[in-house]
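Here is what TrEMBL says about this protein:
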type	residues	note
DOMAIN	12-98	domain 'Ig-like'
DOMAIN	129-224	domain 'Ig-like'
DOMAIN	233-341	domain 'Ig-like'
TRANSMEM	361-385	transmembrane segment
Amino acid sequence: MVLMSSAARGPPRVSERVAHRQSIRLGRTMKLPCPVEGDPPPLIMWTKDGRNIHSGWTRFRVLQQGLRIKEVETEDAGTYICKATNGFGSVNINYTLIVIDDSSSRSGAGATNGGSEDVPELAGKLVRPRFTQPAKMRKRVIIRPVGSSVRLKCTASGNPRPDIVWLKDNRPLVEEDSRATAGGEPRKKRWTLSLKNLAPEHSGKYTCQVSNRAGEINATYKVEVIQRTNSKPILTGTHPVNTTVDYGGTTSFQCKVRSDVKPVIQWLKRVEPGDENKFNSTIEVGDHRFVVLPTGEVWSRPDGSYLNKLLITRAKEEDAGMYICLGANTMGYSFRSAYLTVLPDVKPPMIPVTTATSQGLPLPVIIGIPAGVVFILGTALLWFCQSKRTCSSSSASSAALPAAQRLPTATRDRTCPALPTPPANGDKDCVSYEDYIAHQQLLLTQGSTGIAPKVYPKIYTDIHTHTHSHVDGKVHQHQHIHYQC
């Protein structure tokens with residue numbers, strides 16, 4: 001498994017084919033996919049014409065699956081690059097985006113055909129203009145500081161296609177005013193009016209008038225441009241917020257700062273007691289010591305605030321702790337803290353090796369094992385005793401011979417030689433039947449003056465064995481041998 005896992009790790013790769021040339025109509029929403037995969041998972045970064053796309057680009061949003069552009073404008077056309085990077089390498093996906101402006105093409109066609117561009121539209125039913133995105137027009141009073149920017153939207157539809165005229169304080173926004181307030185481009189035929197680098201003279205009421213042959217509608221925005229005041233930075237919103245990340249995962253903190261001038265945004269991490277020697281340098285703030293972390297680019301937002309992010313990759317246990325976002329300018333500083341929690345590393349479970357301990361054994365096993373041992377030993381001992389007594393019974397049976405076949409006691413004591421030597425096992429009464437017969441024949445051949453030798457042509461034997469088991473566990477075995485001539 002380790003070899004297979006190591007073989008699978010490598011640089012990012014494109015997982016599917018893409019169309020590198022993309023086109024979109026003006027005002028629509030565009031999504032550029034970035035189908036890449038890799039192990040470890042790559043970090044995605046988008047650029048347009050060489051510039052990094054970040055959260056300050058309000059209509060652009062970097063998603064895990066690609067880049068989404070809302071309400072596409074003509075200046076959104078250009079070259080986009082999705083760059084995926086991990087520890088083994090990187091890969092790029094290039095796009096060329098073309099924005100199609102229908103109003104420009106129809107205007108050109110009308111000039112060529114003598115004003116007949118509305119003929120196809122007039123062939124259908126007349127439809128009064130209406131705003132197609134009213135939810136984005138709810139905020140009609142807009143306050144912005146000097147130097148910021150604002151976008152006023154009046155997207156509409158109708159039949160024939162309506163025209164739009166922008167007014168400032170009830171006066172038409174002439175081309176000179178458009179260039180002055182809208183970045184050098186006239187805004188007629190545009191559904192969105194962009195006001196950049198705001199100055200106090202840009203304050204006023206801006207009205208969009210949308211009309212066609214079927215009717216007219218309008219909407220008014222109030223724009224107020226305020227002077228910046230010299231004050232220390234203010235952290236806006238709720239960021240940074242407490243965050244939890246898996247071991248080895250990626251997360252980020254973000255910090256939004258409002259300041260009259262571009263602030264310095266710095267990230268700090270509190271050093272736990274006893275870990276001071278792990279860092280080259282620390283700073284003391286109050287009763288704690290902090291280490292200064294590398295800080296990325298500070299982005300300027302259209303609302304006049306500034307944004308900075310702290311990215312944490314391949315999170316480890318030592319990354320957990322308290323982080324501080326510090327925003328400072330010449331007038332002072334402000335800060336806000338948040339905590340990062342790193343979940344424990346999930347490793348494959350180890351198979352426990354069970355050891356035979358008396359404490360862990362159940363009661364039946366504790367009782368059963370000794371009982372089994374006693375039973376086996378008792379059976380073996382019983383078998384040994386039974387075999388020993390059988391041998392003794394065979395020797396004792398010789399005493400049961402009939403008197404006719406036995407020598408008288410006195411004579412036997414006088415003339416009978418000694419019995420064969422007892423076996424080495426110490427059983428002095430154990431004499432086999434064959435030894436007994438041989439001994440009897442020896443006595444007959446030796447003869448005696450007081451005994452006449454007798455010869456029996458044949459000996460018939462009848463042997464009976466009886467085994468008695470007593471209540472106390474003792475076992476007796478008796479063997480009866482009957483001889484008949």
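Start at 1 and count along the chain as shown; that gives each residue its number.
The backbone N, Cα and C atoms fix where each Cβ goes, and this holds for glycine too.
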(message) Under 8 Å between C-beta atoms and at least six residues away from its ends: which parts of the chain pack against the transmembrane segment (361-385)?
(response) 475
(message) Mean pLDDT for the domain 'Ig-like' (233-341), rounded to an integer?
(response) 85
(request) With DSSP as the yardstick, break the domain 'Ig-like' (12-98) down into helix, strand and coil residue counts. (result) 3 helix, 50 strand, 34 coil
